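Engineer: Dumping the structure here so I can ask a few things about it.
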Amino acid sequence: MGIVMGPNQYGKAEVRIVSVNRDNARHTIKDLNVSSSLRGDLDSAHLTGDNGNVLPTDTQKNTVYAFAKEAPIGEIEDFALRLGRHFVGTADGITGARILIDEYSWERIPVGGTGHDHSFARSTDEKRTTAVTIDGDQAHVVSGLKDLIVLKSTGSEFWGYPKDKYTTLAETNDRILATAVTARWRYLHTDVDWGKSFESIRATMLEAFATTHSLALQQSLYEMGKAAMEKHPEVAEVRLSLPNKHHFLVDLEYCGLENNNEVFFAADRPYGLIEGVVTRDDVEEAPQAWYSLPQF
Ligand SMILES: O=c1[nH]c(=O)c2[nH]c(=O)[nH]c2[nH]1
């Protein structure tokens, strides 16, 4: 019986980078949070402190900034693929890389017809995300979004569930349904128009959330994933994490008022957490694409 080193990776987490394109007076900006992790023959680093294969995390950080200057960042998936492929092979033993990028959204401040040239406002907490894994000469791209907050003021029911002596929840055929969508989807290949695919998947999931008459958030989750996959053959699976942001009807009887589903208390916790994978029954799983990511 011995003690051995198990799976490991190391890198620089959360390199914050804002890049301004100043090609003309109408600037564009990219605001990213980039994390890199390298994998490979790192046993001796852990067992004996031999750093022969350890590209410093400081160098990884510097590389992110330099790459942002050397060529336009472009879509986050392309930037992550470029970085990941570069890191693999920087040291003999580095055989894999994982690049995580979150992109923050900025909109032009609406001055004049087309918005201000170099002034921006962040109007939402929503982030576009990608997780790119390079494994030798293989690449996996898992893209997504997080903190997309949505609400339906009707068109949502919840009833028919089992009841026991602890149940107090009343069945309802008209409630508020609200959630903060975290979604990740795995692409089958890298020959993708990333921006177009992202916008379409996002819009399709929003449409499904809006138009599904929901009998449970679980049903909405499946419909959202299914709609995205039906429209996007380049996507192998969609993983969703949906906190059920409960809205409780306020009892206004204390002052003789009838509350006809109009006034709610928005609770922030606890919340139901509804999570799931919507997948195709004819594609191979790719556990390496998800390694060390939250399961949903
Ligand atoms: O959409 C829902 N799914 C549940 O599993 C659940 N459980 C609960 O108390 N409320 C809800 N709502």
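Each Cβ is built from the backbone N, Cα and C atoms, and glycine gets one as well.
What TrEMBL records for LYS12, THR57, HIS246 is active site, charge relay system. Per TrEMBL, 5-hydroxyisourate binding site is recorded for THR57, PHE158, ARG175, GLN218, ASN244. Positions annotated as O2 binding site by TrEMBL: THR57, ASN244. Feature annotation from TrEMBL assigns urate binding site to THR57, ASP58, PHE158, ARG175, GLN218, ASN244.
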Engineer: Within 10 Å of LYS12 (active site, charge relay system) (Cα-Cα), which of the recorded positions ASP58, ASN244, HIS246?
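Structural biologist: The recorded positions close to LYS12 (active site, charge relay system) (Cα within 10 Å), listed in sequence order, are ASP58.
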Engineer: Per 10 Å Cβ neighbour count, which of the recorded positions LYS12, ARG175, HIS246 ranks highest?
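Structural biologist: Compared across LYS12, ARG175, HIS246, the most Cβ atoms within 10 Å surround ARG175.
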Engineer: Among THR57, ASP58, HIS246, which recorded positions lie by ligand 1, judged by Cβ under 6 Å to any atom?
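Structural biologist: Those recorded positions that pass the cut-off are none, since no Cβ is under 6 Å from ligand 1.
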Engineer: Which one is it: of the binding-site residues THR57, ASP58, PHE158, GLN218, ASN244, which Cβ has the fewest other Cβ atoms within 10 Å in this structure?
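Structural biologist: Each of the binding-site residues THR57, ASP58, PHE158, GLN218, ASN244 was scored by Cβ atoms within 10 Å; lowest is ASP58.
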Engineer: Can you give me the Cα-Cα distance between GLN218 (5-hydroxyisourate binding site) and HIS246 (active site, charge relay system) in Å, rounded to a whole number?
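Structural biologist: On Cα coordinates alone, these residues lie 14 Å apart.
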Engineer: In angstrom units, rounded to an integer, how far apart are the Cα atoms of PHE158 (5-hydroxyisourate binding site) and HIS246 (active site, charge relay system)?
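Structural biologist: Answer for this pair: 12 Å between alpha carbons.
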Engineer: DSSP secondary structure for PHE158 (5-hydroxyisourate binding site), reduced to helix/strand/coil, please.
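Structural biologist: PHE158 (5-hydroxyisourate binding site) sits in a strand per DSSP.
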Engineer: Using DSSP and collapsing to three states, where does LYS12 (active site, charge relay system) fall: helix, strand or coil?
Structural biologist: coil
